[in-house]
Amino acid sequence: MEGLQQQPHPHQRWHNHHHQEKEKTQRTGLVKRVLVVACWAYLYLFFLTIPVRCETGQDVCTNSTCDTNNSVCVADTSVERGYTCNCSDQDFTGADCTVNRVNKSCADNLCLNGATCENDQNSSSFSCSCVPGYTGALCDNAIDYCQGFPCNNGTCINDAARQNYTCHCSTGFTGDACEINEDDCTSTSCNNGGTCLDGLDTFNCLCPSGWTGQTCDSDIDECNRSVCQYGLCSNEPAGSYTCNCANTGYGGKNCSVEINECDHNFCVAATSSNCTDIEGSYECECKLGYTGKNCSEADCAQNPCLNGSTCDDRVTADWGTDWQCMCQEFFGGRRCNIPGPCAFHPCNASNTDSCKQDLFNTTDTNVSSNFTCVCKSGWEGDTCSQDINECNVSTPCLNGATCENKLGSYFCRCATGYTGFDCETDIDDCADQPCQNNAVCSDGLANYLCNCSQTGYTGRNCTEDIDECQPDPHPCNNGTCNNTLSSFTCDCGDTYLGARCEHVDPCSSTVCGNGGHCNWIQQGGAGYLANCTCVGGYTGLTCEQSPQSQTDDDDGINLAVIIGPIVAVILLIIIIAVIVFIVVARDKRATRGAYSPSRQETAGARVELGNVLKKPPEERLI
């Protein structure tokens with residue numbers, strides 16, 4: 001809806017009255033033209049629904065195929081192509097007189113479209129008996145079942161074989177003969193009371209006054225067409241409008257009918273002497289002491305009210321002149337000529353919210369001198385001129401902050417680690433996430449603490465990688481320690497097992513005999529146990545028992561009990577032999593290079609060389 005539109009002032013209307021009449025005439029003509037166009041459109045849509053079959057009048061034989069063997073074209077609407085060829089030469093036949101029938105028989109299969117052929121016994125020729133739907137000497141002309149235009153508003157498709165036709169309806173039509181115009185109008189096609197006009201595969205809406213659009217769903221803003229000649233136009237949402245003719249001097253739906261206001265006694269009889277009707281208005285001739293449009297107002301032209309007050313004229317019961325002054329704040333008296341205490345601005349303006357004084361009447365007596373200044377925060381005193389030292393009155397600053405007084409306020413100088421107007425908020429030093437690598441941050445007073453445990457890092461912010469291999473001994477016991485980011489790995493080699501190489505690999509010292517394979521088995525937290533997987537039928541902890549050394553079922557004696565001591569004795573003999581060998585070898589080294597007696601000397605000669613050669617030092621046997 002458009003807003004109210006103000007029309008020209010009544011005293012200026014006579015200047016453009018004739019111009020408006022001209023516009024009114026133009027608008028009337030425009031409406032008539034629109035109605036004429038709408039009527040023609042309606043007639044056009046109406047006649048579109050009437051089936052019409054137009055003939056061009058063109059000679060069908062103009063483009064016929066009857067141009068051979070002296071054939072003659074004859075228009076024939078009974079056949080599908082609209083003409084037949086009359087064969088002047090009797091030796092030729094067929095739809096186009098192109099088939100030579102001389103010396104032809106049924107063996108030549110010249111009868112078409114399922115026709116029956118019969119040979120002529122009296123001549124060297126034949127004849128064709130056509131099935132229904134076809135005609136001609138050779139049954140090659142299809143009968144046109146579309147003659148007579150059976151498909152009113154569609155295309156007829158001839159079907160000679162079935163002695164029938166099929167109608168393909170044009171858009172917007174239906175029925176066996178395309179005789180029915182499909183109704184495109186539904187109950188919801190046109191809105192707001194619009195009338196639906198069915199067309200071809202479409203519809204049109206005749207909208208009621210105030211509505212437009214394809215489906216009458218757009219509200220026309222009549223105010224844009226200046227329908228209210230003098231009043232204020234208001235567009236209504238229901239496809240209408242209203243004209244407010246108040247105080248225009250005009251009436252009627254469009255505020256175009258001039259009103260004789262003097263007939264309505266607008267002029268107050270007791271205070272006026274005459275009423276004069278003018279175009280769109282009236283004039284009252286007021287009696288002395290009265291003024292106003294209807295002579296109903298007392299005369300305030302002498303400005304009896306002072307100090308910015310407003311004069312309120314009143315008409316008393318006996319039509320005498322009276323008025324009342326509506327005083328500004330802080331003034332009183334009949335003429336608002338007596339100032340109250342707040343009128344002199346006793347309060348400090350910059351430090352005061354408002355000045356309040358006692359009420360006093362409009363007479364010139366009993367004027368109060370009491371007032372109160374409502375001070376702003378931080379000020380006090382009768383006129384709000386005294387600064388309040390908030391630091392002495394209370395302790396507004398918290399958490400050890402220093403309070404500094406200011407004019408009308410105070411300032412808190414916060415201790416380290418606090419913020420806020422009153423230093424009431426502890427600064428969260430963990431807010432910026434200073435602790436890295438998933439360390440836990442604990443906020444402190446202007447400080448923070450990073451808990452680096454279980455992260456593999458150290459330092460204030462847990463950013464320094466801990467070298468777990470640095471302590472001596474390192475955590476990998478019998479293996480090699482390799483430091484990694486936030487952790488370490490142990491390389492145990494082939495001899496030790498466990499996460500920290502703390503267990504000896506039992507297979508490194510346990511020999512599984514007779515081709516057995518050694519596997520270690522973890523015993524929980526107690527270490528590892530060797531396990532021999534024997535092959536070839538051997539058994540025992542070290543696969544030492546052969547298949548023949550199994551326990552005798554008769555006497556129950558285990559062969560291991562007999563063989564064990566024997567093996568131990570043999571090993572002891574071997575050890576003693578090795579020791580003897582080592583001692584003998586050491587003695588031979590002690591005499592090597594000192595002296596080697598000849599064969600003759602060993603036969604009995606003796607030579608004393610004890611004082612000649614010095615005994616070499618003993619060699620250390622490694």
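From the backbone N, Cα and C atoms, a Cβ is placed for every residue, glycine too.
What TrEMBL says about a protein is an automatic prediction, not a curated fact.
Copied over from TrEMBL:
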COMPBIAS  10-19  compositional bias 'Basic residues'
DISULFID  Cys111-Cys128  disulfide bond
DISULFID  Cys130-Cys139  disulfide bond
DISULFID  Cys146-Cys156  disulfide bond
DISULFID  Cys169-Cys178  disulfide bond
DISULFID  Cys207-Cys216  disulfide bond
DISULFID  Cys223-Cys233  disulfide bond
DISULFID  Cys267-Cys284  disulfide bond
DISULFID  Cys286-Cys295  disulfide bond
DISULFID  Cys327-Cys336  disulfide bond
DISULFID  Cys414-Cys423  disulfide bond
DISULFID  Cys492-Cys501  disulfide bond
DISULFID  Cys534-Cys543  disulfide bond
DOMAIN    57-98  domain 'EGF-like'
DOMAIN    102-140  domain 'EGF-like'
DOMAIN    142-179  domain 'EGF-like'
DOMAIN    181-217  domain 'EGF-like'
DOMAIN    219-256  domain 'EGF-like'
DOMAIN    258-296  domain 'EGF-like'
DOMAIN    297-337  domain 'EGF-like'
DOMAIN    387-424  domain 'EGF-like'
DOMAIN    426-463  domain 'EGF-like'
DOMAIN    465-502  domain 'EGF-like'
DOMAIN    503-544  domain 'EGF-like'
REGION    1-25  region 'Disordered'
TRANSMEM  34-52  transmembrane segment
TRANSMEM  559-585  transmembrane segment
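Annotated features taken from TrEMBL, shown on the structure.
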| residue | record | contacts (Cβ under 8 Å, 6+ apart) |
| --- | --- | --- |
| Cys146 | disulfide bond | Glu80, Cys156, Ile157, Asn158, Tyr165 |
| Cys169 | disulfide bond | Cys151, Asn153, Gly154, Gly175, Cys178 |
| Cys267 | disulfide bond | Asn274, Cys275, Tyr282, Cys284, Glu285, Asn294, Cys295 |
| Cys414 | disulfide bond | Cys397, Asn399, Ala401, Gly420, Cys423 |
| Cys492 | disulfide bond | Cys476, Asn478, Gly479, Gly498, Cys501 |
| Cys543 | disulfide bond | Cys512, Gly513, Asn514, Gly515, Gly516, Cys532, Cys534, Val535 |
Using Cα positions only, nearest of the disulfide-bonded residues to Cys128 (disulfide bond) (Cys139, Cys233, Cys327): Cys139
Listed in sequence order, residues with CB under 8 A of Cys216 (disulfide bond) and six or more positions away: Cys190, Asn191, Asn192, Gly193, Gly194, Cys205, Cys207, Pro208
C-alpha spacing of Cys286 (disulfide bond) relative to Cys327 (disulfide bond), in angstrom: 28
Cα-proximity to Cys111 (disulfide bond), 10 Å cut-off, over disulfide-bonded residues Cys139, Cys223, Cys233, Cys286, Cys336: Cys139
Residue from Cys139, Cys286, Cys336 whose C-alpha is spatially nearest that of Cys233 (disulfide bond), among the disulfide-bonded residues: Cys286
Within-chain partners of the domain 'EGF-like' (465-502) [C-beta distance under 8 Å, separation at least 6 from its ends]: 437, 455-458, 508, 520, 522, 528
Three-state composition of the domain 'EGF-like' (503-544), taking helix and strand from DSSP: 3 helix, 15 strand, 24 coil
Distance from Cys223 (disulfide bond) back to Cys139 (disulfide bond), taken between C-alpha atoms, in Å: 77
Pairwise Cα distance for Cys130 (disulfide bond)/Cys286 (disulfide bond) [Å, integer]: 114
Around the Cβ of Cys233 (disulfide bond), the count of other Cβ atoms that are within 10 Å: 25
Cys286 (disulfide bond): tally of other CB atoms within 10 A of its CB: 21
Secondary structure tally of the domain 'EGF-like' (465-502) (DSSP, helix then strand then coil): 0 helix, 13 strand, 25 coil
Length of the line joining the Cα atoms of Cys223 (disulfide bond) and Cys286 (disulfide bond), in Å: 38
